[in-house]
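In what follows, a structure is listed as structure tokens, so that the remarks can point back to it.
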């Protein structure tokens, strides 16, 4: 990497986030098992929904979209981390690093959007049960999902757009894969301006989607109070799956984003754990929650095992 006016030409990055990890192979195997389970479980959800025409309804299309998001989210970073820990391959090419960064952050933004639109779906289903299928058709659900992907890509495109023009002073990433903060810290510029810009975007997306979900549930609670006891039980069961998923995703994110900006200092290991947990945790929990708490999918699984 020849010197160019104090900067270096980077063709690949060295991932140094696991340098101090004890028993890296054990950690890597644990990540591999978690990653494999998450991908397989999400694939099962997707295949069930695609091949069963009875599940071609707005709610299941949104569950399918969430499964696609989860697979992309964990697949963007997990193979790289597993390669470093298990195989000792701790380098990644410049282009691959930027692709990984874009895919990882796109997965994070889409996870927020997917959970928000699923909360809206539950609100419409509970508020207008008889008009639900006329308000939220499959076509409208697919268009809404497509628009959300485009909007998410627009937000995430800011990250590589601000990074690519910057010169690099070294090629070692202090973190466990190519996220924005890791790559930014290899540049020769003061990162505070860029971090503040990204923080504003992240805060906007995080709080907008979380507040939207909260407002949706305020509306749901209002309509549940007006319902009969049998309907209350059914509505509560329907919403519990979504609440579990929302909790799994937002808890580590609020800890990482909000507390650090309030002055709480996290160790590098704690930061790594929260980032990995925010991606792997929901991606593993989501398919199992929806498999075992969604009546149609649960019955289909039990039917398959009974036949075999």
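Heads up, the Cβ atoms here are built off N, Cα and C, so glycines get one too.
Summarising the annotation, TrEMBL assigns domain 'G-protein coupled receptors family 1 profile' to 41-290. Within the model, the domain 'G-protein coupled receptors family 1 profile' (41-290) shows a mean pLDDT value of 86, rounded to a whole number.
If you look up TrEMBL, you'll see 25-48 (among others) marked as transmembrane segment.
Per TrEMBL, transmembrane segment is recorded for 60-86 (among others).
Marked as transmembrane segment by TrEMBL: 92-120 (among others).
Feature annotation from TrEMBL assigns transmembrane segment to 141-164 (among others). Proximity of distant same-chain residues to the transmembrane segment (141-164), defined by a Cβ-Cβ separation under 8 Å and at least 6 residues beyond the stretch ends, is recorded for 58, 61-62, 65, 98, 101-102, 105-106, 109-110, 113-114, 117, 121, 180, 183-184, 187, 194, 197-198, 201, 205.
TrEMBL lists 203-224 (among others) with the feature transmembrane segment.
Annotation comment: TrEMBL describes 244-268 (among others) as transmembrane segment.
TrEMBL lists 274-292 (among others) with the feature transmembrane segment. Counting same-chain residues at least six beyond the ends of the transmembrane segment (274-292), those with a Cβ under 8 angstroms from any Cβ of the stretch are 31, 34-35, 37-38, 41-42, 44-45, 63, 66-67, 70-71, 73-74, 77-78, 81, 104, 107-108, 111, 175-176, 179, 241, 244-245, 248-249, 252-253, 255-256, 266, 298, 301.
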